[in-house]
Amino acid sequence: MPRPKPKAYDRLNNFIKEFGETIFLADNSVLFCKICDIKVSTEKRFTVIQHIKTAKHIQGLNRLQLKPTKTQQLVSTSFSKKNDFNRDLCKAMLSANIPLYKLENKHFREFLELYAKKEIPKEATLRKGNVDDLFLETIEKIKNCVDGKKIWVSIDETTDAEGRFIANVIIGTLTVDDPGSIFLLNSEKLEKSNHSTIFKLFDQSMNLLWPQGVKYNEVLLFVTDTAPYMIKAGKAIQNLYTKIIHVTCLAHGLHRVAEEIRNQYKNVDQLVSNVKKTFLKVPSRIQTLKSVASDIPLPPQPILTR
């Protein structure tokens, strides 16, 4: 009959007894290394031993240079302070739009270690241990802010540096006396840009905001550009969110008006086009104009709707 595996808590305690309370700390079902300030896998004893032999762990022991008795007195505060430092560092970098991979920069790490007097975590440590918690905390703040208020939703799609389709979902509260609060609720990579993907993204975002049940009657406005697939997505959304009104962006509306005016005055449109051909890419003609009529300024650079 196979020997039963020890429970998770007992297994963690065995590691602490074997390697010392000054090295490891048990937190529920997690074994935490106080020297390196990271979680250690406990599936196999080999992984714990492998961690102890890493260069980072050995350097941490050398840098600490504390007697076991003194370390024993500091374990209760050290664990919480390191967790708080990692969390605050991650939050500060994300809030300032500083990518977490910047922590891998040697000079940046040395600067933080010099003035913070702490072991600076790796990018992977913050991603695994702090990013998700900060995300949930931020979502909770957004929920509290929009609770009991009507909202508007805007979706805009763009491409990133790698050519991927990225859609951003922005929401805001509708209030009488002030503009209300605005939040970036969601950002998703789309396989393609069409009315179906926009509709799915809209519904997923509302479920993210109200996981216990979408409040369909609280969403009153859907603001987008005038792309045909956005118009089609708006009609599909109105079938599910019956009180929503789909409006297009004011800037896009003004652009469409200007385009219509241009179509109605074809002679003026031709004049603008000819001026563009005459001066835009022919520096010699610009010099001729300045020499013949130096007091006359150059015409403004023409655009389609000027």
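The first residue you see is number 1, and the count goes up from there.
Glycine is no exception: its Cβ is also placed from the backbone N, Cα and C atoms.
Lifted from TrEMBL, the feature list:
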| type | residues | note |
| --- | --- | --- |
| DOMAIN | 137-277 | domain 'DUF659' |
Open item on the list: Can you give me the average pLDDT across the domain 'DUF659' (137-277), rounded to a whole number?
Closed with: 90
TODO: Provide the three-state DSSP residue tally for the domain 'DUF659' (137-277): helix first, then strand, then coil.
DONE: 68 helix, 39 strand, 34 coil
